[in-house]
Amino acid sequence: MFCVQCEQTIRTPAGNGCSYAQGMCGKTAETSDLQDLLIAALQGLSAWAVKAREYGIINHDVDNFAPRAFFSTLTNVNFDSPRIVGYARDAIAMREALKAQCLSVDANAHCDNPMADLQLVSDDLGELQRQAAEFTPNKDKAAIGENILGLRLLCLYGLKGAAAYMEHAHVLGQYDNDIYAQYHKIMAWLGTWPADMNALLECAMEIGQMNFKVMSILDAGETTKYGHPTPTQVNVKATEGKCILISGHDLKDLYNLLEQTEGTGVNVYTHGEMLPAHGYPELRKFKHLVGNYGSGWQNQQVEFARFPGPIVMTSNCIIDPTVGSYDDRIWTRSIVGWPGVSHLEGDDFGPVIAQAQQMAGFPYSEIPHLITVGFGRQTLLGAADTLIDLVSREKLRHIFLVGGCDGARGERNYFTDFVTSVPDDCLILTLACGKYRFNKLEFGDIEGLPRLVDAGQCNDAYSAIILAVTLAEKLGCGVNDLPLSLVLSWFEQKAIVILLTLLSLGVKNIVTGPTAPGFFTPDLLAILNEKFGLRSVTTVEEDMKQLLSA
C-alpha cells in the first residue's frame, strides 16, 4: 500500500504516505492496492478512447463510466474491494469493445500505452492485490526522484478531483465531448509514467483549465434544474418527527428523495456539502426539507450515531459506520461503498423511507437556530455594484475568501481563529465544508450586506471566480489587484483540482493549510511559491497583517 492523496496521510522523517495495513482514512491496504489496479485499467481504457477518437468513434458510455469509476478512488468514497474490482473488470471490457471497434475500421489499429492491454490475473482478491503492486504510484521513486513523483501525483489527484465534478455534472445531464477528449488524453498520458518536469507542470495547469469548464457545466446543470440559489435561512436544530439525513453533493438524489418522501410524514435533513441545497428554489419548495444537521464530515461517527433515522451517502465523505453502530441504517448511493452496508442501485429510496417510518425520529422540536445560505452566482453578481460602492466609500476594506475542506487535524482551528479575527469592515466569502468551522457564528453586516456570505459547495468556487472576474472588469484592473485574498483549507482531491483551477487562471498569492500536501516536496513548494506566490498558513496575526497590507 502507498497512498498520499489526502491531508491526513501519515508523515514521518522517512517519508510521507500511508503504507501499512490500513490508511488513516480507514481504507485497507487491499482496497488501496486494488484502487491502484483500477486506475491502471482506467488509463488503458482512456488510451483506447483517445485512439477511437482518431477514427471518429465516440462512445458516450465509456465517457460516462471512466470519470465515475475514477471518482470511486477519491478519499472517503468507496472502501468496498469487490466493487472496486468490478469497476476494473468493466473498464477492461469497455476497452476491449473500443479496441474491436477500432480494428473494424483499421485492421492495424494499435495503442502503445503500457496500460492498453492490462488484464486481471485472477478472480481472487489476494492475487489481484499482488498484481496491483506493479502499479503502486511510487514504484519507480528511486529512479525518478521525489519531485517528479510529486508532480505526477499532483496531476493524478487533480484529474481525480475533476473526474468527480464531471460525474456530478453528468448526473444532471451536462457533458461536453471536448472535456471528455481532454480527460482521456491526460489520463492516458499519466499511464505512461511521464518523467518530464515541465510537461507535468503544464499538465497540471491543463487540468486546472479543464476543470474550470467542468465547473461551468456543473453550475449550468444545477441552476437549470433547480433554479439559481438565493439567500435562504436554514434551521440547524431538530424538528419533531421521523427523519432521513442525506449527505454528499448529489442534488438530484436529494430531489428524488424529497419527491418520494412528500406526504409520508418523514422530514429530510441535509448534512455536510448538501447544506447549500436549501438555497435552490426547486429544492426548498419542499416543506419537509426542514433543516441541516451536524457539522463537518469528520464528526459523523458521533453525530450520525445520535441521528434518529436512516442516513444516505450520495458521494464523499463516508467513514467507518461501525464505530458509532449505525451501519444498519446508513445507505450508500452511486460510487459510494462501505463493506456490509446497504447500497441503493437505482433512484428508488423506498427502503430508506420504510426504515425511517419504523424509527422514532426526533421526539420534540428544538429552539430554532437559523443560518443563511444561498449566495449563488446570480446573487453574487447582483451584489457586484454594491461591493464596488462600499469599497469606493471606504466602508468595505477587504474581501477574504475562506473556504475549502474540513478535517480532524487540530491545526484547522486556524480557520476559525482567522475569520473571527477579520476586521469589521471586511467581508468573508465562504464555500465548501470548511465553513462548518464558523458558519454558526454571528458576523453582523456592512450597511445591510452580511459579512459572512456562503457561496455554496466546493464546486461553487466557480461562482467566486466569476464574481472576482466581474469585479476586476468593472474596476478596470486584474483579479490579483482586487482587495481580495484567498485562504483555502484542503483535505482531498477536489480541493487539489480547485487549487489547480485558480492557479491556471492566474490567481496568485493564495494561502493554504493546515499543512502542505504530503506529495509536495520542498522543491515543488518553492516552484509554486515562485510562480504563483502560493504559500502555507503561518499564524493568524502574521497572515492577517500581510494580507490586509497587500
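Note that Cβ sites are derived from N, Cα and C of the backbone, with glycine treated the same way.
The following features are taken from Swiss-Prot:
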type: BINDING; residues: C3, C6, C18, C25; note: [2Fe-2S] cluster binding site
type: BINDING; residues: H249, E273, C317, C405, C433, C458, E492, K494; note: hybrid [4Fe-2O-2S] cluster binding site
type: MOD_RES; residues: C405; note: cysteine persulfide
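Annotated features, which come from Swiss-Prot, shown on the structure.
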residue: C3; record: [2Fe-2S] cluster binding site; DSSP class: strand
residue: C25; record: [2Fe-2S] cluster binding site; DSSP class: coil
residue: H249; record: hybrid [4Fe-2O-2S] cluster binding site; DSSP class: coil
residue: E273; record: hybrid [4Fe-2O-2S] cluster binding site; DSSP class: helix
residue: C317; record: hybrid [4Fe-2O-2S] cluster binding site; DSSP class: coil
residue: C405; record: hybrid [4Fe-2O-2S] cluster binding site; DSSP class: coil
residue: C458; record: hybrid [4Fe-2O-2S] cluster binding site; DSSP class: helix
residue: E492; record: hybrid [4Fe-2O-2S] cluster binding site; DSSP class: coil
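The CA atom of C405 (hybrid [4Fe-2O-2S] cluster binding site) is located 11 Å away from the CA atom of C6 ([2Fe-2S] cluster binding site). Recorded residues C433 (hybrid [4Fe-2O-2S] cluster binding site) and C6 ([2Fe-2S] cluster binding site) have their alpha carbons 15 Å apart, per Cα-Cα distance. Excluding H249, E273, C317, C405, C433, C458, E492, K494, which define the hybrid [4Fe-2O-2S] cluster site, the same chain contributes G272, W297, N316, A432, Q457, F491, A495 within 8 Å (Cβ to the Cβ centroid), listed in sequence order. Excluding C3, C6, C18, C25, which define the [2Fe-2S] cluster site, the same chain contributes V4, Q5, Q8, T9, G17, G23, M24, K27, S32, T75 within 8 Å (Cβ to the Cβ centroid), listed in sequence order. Most other Cβ atoms within 10 A: among the binding-site residues C25, C405, that distinction falls to C405. Of all the binding-site residues listed (E273, E492), E273 sits in the most crowded Cβ setting, with the most other Cβ atoms within 10 Å. Note: the CA-CA distance between H249 (hybrid [4Fe-2O-2S] cluster binding site) and C6 ([2Fe-2S] cluster binding site) rounds to 19 Å. Reduced to three states, the DSSP call for C18 ([2Fe-2S] cluster binding site) is strand. Nearest to C6 ([2Fe-2S] cluster binding site) in space, judged by Cα atoms and limited to the binding-site residues E273, C317, C458, E492, is E492. C458 (hybrid [4Fe-2O-2S] cluster binding site) sits 23 Å from C3 ([2Fe-2S] cluster binding site), taking the CA atoms of both as reference points. For the pair C317 (hybrid [4Fe-2O-2S] cluster binding site) and C18 ([2Fe-2S] cluster binding site), the C-alpha distance works out to 19 angstrom.
Comparing the binding-site residues H249, K494 by how many other C-beta atoms lie within 10 angstroms of each C-beta, the top residue is K494. Closest in space to C18 ([2Fe-2S] cluster binding site), of the binding-site residues given as E273, E492, K494, is E492, taking the CA atom of each residue.
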